[in-house]
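Engineer: What follows is a structure written as structure tokens; I'll ask about it next.
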Amino acid sequence: MQWYIVALLLTVLTSSQGILTTLSQSNGRYDYDYATVPFLAEVFKLLVSSLFLWKESQKSPSPKMTTDWRTVRLYPIPSIIYLIHNNVQFATLTYVDTSTYQIMGNLKIVTTGILFRLFLRRKLSNLQWMAIILLAVGTTTSQVKGCGEASCESLLSAPIQGYMLGILSACLSALAGIYTEFLMKKNNDSLYWQNVQLYTFGAIFNMARLVADDFRGGFEKGPWWQRLLNGYSITTWMVVINLGSTGLLVSWLMKYADNIVKVYSTSMAMLLTTILSVYLFNFKPTLQLFLGIIVCMMSLHMYFAPPQMLVDLPPVVKSEDLECLVEVSSDRRTDS
């Protein structure tokens, strides 16, 4: 499968994620425990990956599966980074409002590019660096509201702790993605075997979070496994399947493409979600939204288009034409 098809699917699924989550609410609130959704999504990804691994093992030759502990022990690290990142997110929101946090979250586009270069040693051209910065500018522009509104003032009036935590959150988000790509490309193991390891630890860490929530709440609502599916509807299950399918597509991109492709997919998904919200939730589009979309489209073209499409290169002179020119010039000298 071509990477751009997977990237397009990821964009569509990611854009529908927020919409499905909103539709799963009842009277503005969740009838289910939202913390159970990531856990079930990890279980879904684990089951799907296990099924594909089993089908792959029936073929000849059998898939490569490294079981050495020194390799397996690396797979909990992404879950640990995401766990720290989630806690930093909550800490950041104590200092800044939601709009400011959303805008600051676009820093992860630039930090991903920086870590992509530093840790994976992947060289980016000057045009690609400009495209990444343009993508961050475009997504930020699309999220900024009118300059006379309070959200614009709050962006510049947050305490320094909020900005520092926002930068840390962006770095952790980028680090988790970069490390996952390193892990997926570290050897030639089967993608599904790598997924089984990743999602096993992901399910364990999400289950640990549910247990911790029970202890913090004093088990007022009972243990998490007794209320795991309470309040679930068809829309809620669609959220779980959507989240799980998104994770499977991301792992494919980490294995066969790279983090920058994922960043573009998720950024375009955010813009697509905003556009769909205009029709589904009567969201009023702004000038900033249209400008942001234009900038993001320019960034997309700059990053992935061949250089000759972006720069007017001088025409290449063929060797036959060069020989003809030499003969003509020598004839002219002889005549003179």
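Glycine too: its Cβ is placed from the backbone N, Cα and C atoms.
As annotated in TrEMBL:
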- 1-18: signal peptide (SIGNAL)
- 34-54: transmembrane segment (TRANSMEM)
- 74-95: transmembrane segment (TRANSMEM)
- 101-120: transmembrane segment (TRANSMEM)
- 127-144: transmembrane segment (TRANSMEM)
- 164-184: transmembrane segment (TRANSMEM)
- 232-254: transmembrane segment (TRANSMEM)
- 261-281: transmembrane segment (TRANSMEM)
- 287-305: transmembrane segment (TRANSMEM)
Engineer: Of the listed stretches 74-95, 127-144, 261-281, 287-305, which one has the most C-beta pairs under 8 A with the transmembrane segment (164-184)?
Structural biologist: 74-95
Engineer: Are there residues at least six beyond either end of the transmembrane segment (287-305) with Cβ under 8 Å to its Cβ atoms? List them, or say none.
Structural biologist: 127-128, 130-132, 134-135, 137-145, 260, 264, 267-268, 271, 274-275
Engineer: In the same chain, which residue numbers or ranges, 6 or more beyond the ends of the transmembrane segment (261-281), come under 8 angstroms Cβ to Cβ?
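Structural biologist: Tertiary neighbours of the transmembrane segment (261-281) are 3, 7-8, 10-19, 22, 108-109, 112, 132, 135, 138-139, 142, 177, 250, 253-254, 289, 292-293, 296, 300, 303.
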